[in-house]
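This report refers to the structure that appears directly beneath it.
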Amino acid sequence: MPVILATDIIIYLVFLVIIAGIVLARGGDGYLNQIWQHLKKNRLAMVCMVILILYGLVALGDSIRWRDRIEPNGDAAAHANGPVYSANARSILDRALAGLREKDEKTFSAPLATKLFVKETLEKTTPDGTVIAVRDYPPLKYPGTHLLGTDKVGGDVLLAALKGVRTGVVIGTGTTIIIIPFAILFGVLAGYFGGRVDDLIQYVYTTLSSIPGVLLIVAFMLIFGAEGYQGGVIKETDLWFGLFVPSDRLFWLCVIMGITSWTDLCRLIRGETMKLRELEYVQAAKAFGVSNIMTMLRHIIPNLMHLVLITFILQFSGLVLAEAVLSYIGIGVGPQMGSWGNMINTARLELSREPVVWWSLVGAFIFIFGLVLPANIFGDAIRDALDPKLRLGRK
């Protein structure tokens, strides 16, 4: 039985938009095709794009999940009202990495180690046949198989880092999708009409910006996200129509982060709109009697999309880091849902050990760095491709 979370829909929509954009960019000689041709000349941007696609595929694989059907095994009464399904929905990623999940150790082990990281009392037999107790590192059940080592409960760190990919991608894309409509709507209205409309919108986003974002997020999550699905067991009461989980804690986190983060882009769009409304072609549209709504839709908003696209990519990386911080301080996603912030929060307690358990922190850092850096480089490449002066200069 398939199970769909509210945040899964975000992943599906993003992939549909990406596929549609690729199809439009590769076909014809339009504006998108020109951008694509310039991006193809930048090898570093292409490498970063491939890395981002790999992250996206991991997130997609972790967003397609279903519950396995439980066979009766002679207990017909329990299945009298219909088939019974497992309480845990496992994704494609879970099933593909089942080997790593099943290869648990007792506790910490270093990357590619053959023995545990913690000494235990072991029994050893001396050459004369005497059994003595010694303190030594016991051998692992699966030596040399944990690329990034294991954590305190013996779980594979690489698996935990891969499970955090979906959370990072959802936060980055989902929050930005919420930011953009607010920023475009209020920014264009404020910049185009000015006057009292501009004053009112400025008052709204100035007031919102003056409220500490972390406090607002904490209050919102305590009200709306406390009872949301946080991973692990799925209750039948959480499901709509037996397959949809609307109360997703990660979704509510995207909503509140979007509500608190649209003001910067709104200011940028407002200033650009004030410049565009004075240009000749906009004034000509007004002179010909074109309505304000059509003027904004035809002449203002299309000329703002380069700002929106660049902001989408660059803000994505900042939101990924923000999720890690929020999970670190305990107001992000639940502990049973994969998150790099949760990994960091757990690993910080082990930094005071002697010797230091460093690989959980390094594993989370590698995956965050591997997503944020390509996103920034690719964003810079898109900014250059959207700049007509740079495009003409390259020619």
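Each Cβ is built from the backbone N, Cα and C atoms, and glycine gets one as well.
Where the annotation comes from TrEMBL, it is an automatic prediction and has not been curated.
Listed by sequence, the residues of this chain that lie at least six past the ends of the transmembrane segment (6-24) yet keep a Cβ under 8 A from its Cβ atoms are 30, 32-33, 56, 59-60, 63-64, 166, 169-170, 173-174, 177, 244-248, 250-251, 254. The transmembrane segment annotation in TrEMBL covers 6-24 (among others).
For 44-61 (among others), the entry in TrEMBL reads transmembrane segment.
Feature annotation from TrEMBL assigns domain 'ABC transmembrane type-1' to 165-379.
Summarising the annotation, TrEMBL assigns transmembrane segment to 169-193 (among others). Sequence-distant contacts of the transmembrane segment (169-193), counting only residues of its own chain at least 6 positions beyond either end whose CB sits under 8 Å from a CB of the stretch, comprise 7, 10-11, 13-14, 55-56, 59, 201-202, 204-205, 250-251, 253-255, 257-259, 261-263, 265-274, 276-277, 292, 295-296, 300-301, 304, 308, 311-312, 315-317, 319-320, 322-323, 371, 375.
Through the fold, the transmembrane segment (205-226) approaches residues 186, 249, 252-253, 255-257, 259-263, 266-267, 326, 329, 331 of its own chain, all at least 6 residues removed from its boundaries and within a Cβ separation under 8 Å. Annotation comment: TrEMBL describes 205-226 (among others) as transmembrane segment.
The transmembrane segment feature in TrEMBL is assigned to 250-269 (among others).
Sequence-remote contacts of a segment are chain residues at least 6 beyond its ends whose Cβ falls under 8 Å from one of its Cβ atoms, and for the transmembrane segment (304-331) they are 167-168, 171-173, 175-176, 179-180, 183-184, 187-188, 214, 217-218, 221, 253, 257, 261, 265, 268-269, 272-273, 276, 339-342, 344-345, 348, 364, 368, 371-372, 375-376, 378-379, 382-383, 386. For 304-331 (among others), the entry in TrEMBL reads transmembrane segment.
Per TrEMBL, the feature transmembrane segment maps to 356-379 (among others).
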Exercise. Which residues of the same chain, at least 6 past either end of the transmembrane segment (250-269), have a Cβ under 8 Å from a Cβ in it?
Worked result: 5-7, 10, 167, 170-171, 174-180, 182-184, 186-188, 190-191, 201, 205, 208-209, 211, 213, 216-217, 220-221, 224-225, 228, 304, 307-308, 311, 315, 319, 322-323, 326, 332-333, 337
